[in-house]
Amino acid sequence: MFRIGLRDTRAHFRRFIMSIIAIALGVAFVVGSFCFREMLNDQVAQMMGSNSDADVYVRGATEQKQDGEDGFAEYNSTYNEISTDVIADIEKVDGVVSADATHQLSNVVLLDHNGDAMATVGAPTLVIGVDEQDPWRSAHFVSGGYPQTDDEIALLEDTAGKAGLKTGDTAKIVVDGEAHEKTVSGVFTSPSTQLGAILILAPPSFVEHTLQQEGEDTSSVQFIGVYGDKSTPLDAEAQQRLADRINKELPKSADAHAVTGDSVRDDATKSIQDQLGFIQPLILIFAAIALFVGAFIIANTFTMIVRESMRGYALLRSVGASPLQVFASVLVQAVILGLVGSGIGVLLGWGLLELIAKGMTSSGMPLSGSPAPSATDVVIGLIVGVVVTIVGATLPAKTAATAPPIQAMNETVNPEKPVRTRGWIGAAMVVVGAAWWTLCYLDADKRVDWAWLKDLGSGWTLGLGAAFIIIGAIVCAPAFVAPSAKVLGWIPEKLFPVTGKLATRNIGRAKRRTANTAAALFVGIAIVSCLGVVASSMKTSVSNLVDNNVNADYVAMTASMTQPISTKAVDAIEKTEGVGASSAVYMLPTVKVTNAAKDVMTAAVKSDLLTRLAPIEKQDGDAATVIVDGQVAVGRMVADDEHWKIGDVIDLESENTSVDEAATKQASEAYRKKIEEQATALQREAQSLAAAGDAAGAQAKARQAEDVVRQGQDVDPKQFVRTKTETKTAKVTIGAIIDDALYADSIFVSLPTAEKLTDEDMMMITQMYVQAKPGADVAKLGEDLKKTAKPFYTVSILTRDEFKSSMSSMIDSMLAIIYALLALSIVIAIFGIVNTLALNVSERTKEIGLLRAIGTSNGQVRGMLAIEAVILSVFGTLVGIVVGVAAGVVIRVAYEEQGLTTLTIPWGQLVLFLVVAIVVGLVASISPAHRALKQPVLDAVASE
Amino acid sequence: MPKTDPIVARAVDLYKTYGDTDSQVTALDHVSVDFRRGELTAIMGPSGSGKSTLMHCMAGLDVPTSGEVLVEDLEVSSMNQKQLTQLRRKEIGFIFQSFNLVPTLTAEENILLPLQIAHRPIDRDWFDKVVSVVGLENRLDHRPSQLSGGQQQRVACARAMMERPSVIFADEPTGNLDSRSSREVLGFLRQCVRDYGQSIVMVTHDPRAASFAGRVLVLSDGSITQDMDHPTYDDILAVFAEHDDPDNGPVDVEPVTTKED
């Protein structure tokens, strides 16, 4: 039987090509998704290895409870912070070469040699505080060396290359809105690529000083990194020994604990990898579609093969082959097919990943993670492919094995099992799903107020609804094939009376097959139309908001995600000739509302914003006057969530860190005293040695004493800066509640109120709205503003239209990725349609032969199959569009308060989907029609 | 438009072989024959005699190795697909052994199908006449699966008559029918010839069916061995008795499932 199976495989190989492609694509997705994840993991692990390369880390010893809600909690914030004072103790430990708390600045922009701000694709710009004494072991200098003074920086080779800078050049970095000139002291590489991050090394004193200026406490840190060797990393055992030695020496009061570098890296790697894990399921959805279609194509192909080979099987049976043997001979073919298909799929997935890696590298995100599939990936891919093939082939194989020989001799198509039950079950599921969506809609629209519904949250209601509707639609689709074919066939029947009628009736013949074929398109189109509705609603909502609510002529925005607009820039813009009203939006990240249930954002604005630049349309009270009076105005959404009303008092609190002058002075005094004492002691020893006649010894001691004094002078005074944390609180009354969407999610105060709580340094200015003076030339103002903003490098001035399109282009680039995946699912759907038609044609060989014998032209046969294919693909697409748009509508309502104020259905896009569906149908019908016409009429109709 | 030529179709020196040179089978061995207008001609012969091949070549379903086929003086054997389609639309009708109706269409739709495919106007009077002759008035909105074998074949006959082709080729039209249905169908075919002057060429191995014909051709090993005008059932049986081994008696009806090649 095995040999018969093998021979059949060879004979049917052409038939198998499509199945192989489908399996290969599905497996490629599966393997690709695993490989992609592993590549990222590999990259993360590599980066951890080179970026957190200390042999031992000293961290807090007391574990801290985290707020459960915060999913994006930093992986290293689970222990208490430790004081940097402990560094001195660690450095004394035997075997420690250096110990240092490395600080980083992330809100910096590097300017390239043309003076333009350098942007990255999502990767950060980091200034890392290291120098000769506290080095970064993994950095290897290609030229030059560590920065020696605060006026020097070193650059990563990738960064230097992109910026067009080399050792000795003058570079500019923008810190806190001010450009600083720096000399490039060196260019270095690190063992792993940095995913396009811009890395700058600067002396620790510079970094710490800048941090202190920004109100950050540099005296306590999460980690202190310890090196046991200047050049080579310690192995695991040596790390452990060093950590043990350090732990012995750490004072109890420091509340600190030393752990090996490996363990910290492992934890950190794992936690980042977990955060990246979301990408895989997304790819796997499309893998599932591909495999579903694949299994289905295989089932169809085998049905065809079995049908054509029925005589052979009947013969085998009649000469004594057992049903099991016949079954096996079919299954052997499936296994071979599965192995070939998934083998190709593994290679395809790998190739795809290599392409992605290349693409990312060339778009500025160099990857050094390996995209090669692991042995497990290959095995998983092969197993998935083979299992899917076997699942697909089992039913046809069973038919082949169990059909009685006599029946097998006659060409009969068994009538389909009725689809009514399936229809009811599916319809019930769709109704349940729709009920969930309705609940979600009613809840979001505030028509009902049920606590359990609120507790469940819109995510769950949406998700449950979607799951029920999609599965229900797939289940009940066969029952709707015939009626919808009648409706969809109306136009073709009018255009082509005979072929249209034949095609329309044919669609209803194999309802399950038709429905399954359409399902592949349905799922893909549903996802994309849903996103299309959400995205276009997002765009129009933003643009309506700008059109209706924003009167500003220009908006100043920061070009770098991490760097806010500096107050100097705000001042400069305000002073620009022709500026009438203007207001910056000062976010107050340190200010918290202590009597609110959720985290609420607080912002300080000028009253001009509320009255002139973006006037409020609907509010209770008068926001503009109450904030001047020191009260707050609250967005409607916040007020509803917290059940606040006008007249309620809220508690604002802000933790402010600033330089503690007294403590700083004390620290540097203490240091000076210590140096003096040391010097005096050494001098005294020198004197006593001199008195004892040891002139050489005395000289040496005297030199030591001088060294100590010089060291004391060389020490950077910034090292002694101590910071303190003050908590300021204020009780303020709610004076107004604003309904407008623009203001719905925040609390607003005036600048003077804000300054009572926190320093101007700690406010973040993200946007600034500017209006021209009445009568001023708006266009000229724009040019002047651009000139004003130029020296601040990171401030961009946008016109109203630019402001709108800056929002849309972000949405568009997100959609592009989804569309790419859609394109793939369409390709797979085409395979499905081609295959189903091919099976239909093979089942209707006689009938098509008859039609041709009584005068049907080749064109009419092609037309009939084309209409069938088009009806099929339009059916899938229409259901997909209906479900997708419904989902989009519900999502839009559910997130109305987050700014999705206007529903826009992208009709143009939906029509495009339909046109694509028609084209897909036409294309898919070409090959089956060719096959149908290749069959001689005689073979089809000759009497048996 | 009555046609005057008394010959509706003719085969000229038809020669047809199957298989490659090693195992060549001669199906038609230089056959020449004329089919007269307004006559029911039966082609008979044992399995492998070449009777089906002759009909397939005549109908443009198969291409002869050499020789010419003319239908209404059009040379069928050299036609391309397009011309064949036109030929099938205008000049040729078919009736098959296994009925070959379109299962998705009702009886009426099946009968009208050839006209619709050819974009020809439907003659309702003719339709009613044809339907009444085959006795399907009450079955017109039934699907083929709801009809008996005899009824299905009558639908097929009506379909062939509907377009009033020059010649109808019937390939074992009674092969799948019981004797009562067979008689009905054959009666209808004879009526068409008698009342409406239809030309019909029928391949059959059933002497009783052949006895309905006005002319019976007997093929054996690719050649026409007998050409009988208005033979009786007994005449036909007698011919077959001569041909075959006398011990076996007259040729019996072949089992339906054996394929003739």
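Using N, Cα and C of the backbone, Cβ positions are placed for all residues, glycine too.
Caution: TrEMBL annotation is automatic and unverified by curators.
The annotation transmembrane segment is assigned in TrEMBL to A:12-34 (among others).
Here TrEMBL flags A:17-211 as domain 'MacB-like periplasmic core'.
Beyond its flanks by at least six residues, the transmembrane segment (A:282-306) meets 8, 12, 15-16, 18-19, 22-23, 25-27, 29-30, 32-33, 36, 313, 330, 333-334, 337, 341, 384, 388-389, 391-393, 395-397, 399-400, 513, 516-517, 519-520, 523-524, 527, 821, 824-825, 828-829, 831-832, 835-836, 838-839, 842 of its own chain at Cβ-Cβ distances under 8 Å. Among the features that TrEMBL reports, transmembrane segment is placed at A:282-306 (among others).
For A:285-405 (among others), the entry in TrEMBL reads domain 'ABC3 transporter permease C-terminal'.
Long-range contacts of the transmembrane segment (A:326-353) within the same chain, counting only residues at least 6 positions beyond its ends with a Cβ under 8 Å from a Cβ of the stretch, are 1-2, 4-6, 8-9, 12, 16, 19-32, 35-36, 39, 294, 298, 302, 305-306, 313, 316-317, 371-373, 377-378, 381-382, 384-390, 392-394, 396-398, 400-401. Taken from TrEMBL, the feature transmembrane segment covers A:326-353 (among others).
Residues or ranges marked as transmembrane segment in TrEMBL: A:378-401 (among others).
Taken from TrEMBL, the feature transmembrane segment covers A:422-439 (among others). Long-range contacts of the transmembrane segment (A:422-439) within its own chain (CB-CB distance under 8 A, at least 6 residues past either end) are made by residues 448, 453, 461-462, 464-480, 886-887, 890.
Marked as transmembrane segment by TrEMBL: A:459-481 (among others). Remote same-chain partners of the transmembrane segment (A:459-481), defined as residues 6 or more beyond its termini with a Cβ less than 8 Å from a stretch Cβ, comprise 419-420, 422-437, 439-440, 443, 453, 507-508, 511-512, 514-516, 518-519, 522-523, 526, 875, 879, 883, 886-887, 890-891, 894.
Residues 285, 289, 292-293, 296, 470, 473-474, 477-478, 480-481, 811-812, 814-815, 818-819, 822, 825-826, 828-829, 832-833, 835-836, 872-873, 875-877, 879-881, 883-885, 887-889, 891-892, 900, 903-906, 909-910, 913, 917, 920 of the same chain sit 6 or more residues outside the transmembrane segment (A:515-535) yet have a Cβ under 8 Å from a Cβ within it. Taken from TrEMBL, the feature transmembrane segment covers A:515-535 (among others).
The feature coiled coil is assigned by TrEMBL to A:665-692.
Proximity of distant same-chain residues to the transmembrane segment (A:814-838), defined by a Cβ-Cβ separation under 8 Å and at least 6 residues beyond the stretch ends, is recorded for 18-19, 21-22, 25-26, 286, 289-290, 293-294, 296-297, 300-301, 304, 510, 513-514, 516-517, 520-521, 523-525, 527-528, 531-532, 535, 865, 868-869, 872-873, 876, 916, 920-921, 923-925, 927-928, 931. According to TrEMBL, the feature transmembrane segment maps to A:814-838 (among others).
The domain 'ABC3 transporter permease C-terminal' feature in TrEMBL is assigned to A:820-936 (among others).
Annotated transmembrane segment per TrEMBL: A:869-895 (among others), in sequence order.
The feature transmembrane segment is assigned by TrEMBL to A:907-926 (among others). Remote same-chain partners of the transmembrane segment (A:907-926), defined as residues 6 or more beyond its termini with a Cβ less than 8 Å from a stretch Cβ, comprise 521, 525, 528-529, 532, 536, 826, 829-830, 833-834, 837, 862, 865-866, 868-874, 876-878, 880-881, 885.
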How do the residues of the domain 'ABC3 transporter permease C-terminal' (A:285-405) split into helix, strand and coil according to DSSP?
103 helix, 0 strand, 18 coil
Going by DSSP, how much of the domain 'ABC3 transporter permease C-terminal' (A:820-936) is helix, how much is strand and how much is coil, in residues?
101 helix, 0 strand, 16 coil
Between 0 and 100, where does the mean pLDDT of the domain 'MacB-like periplasmic core' (A:17-211) sit?
79
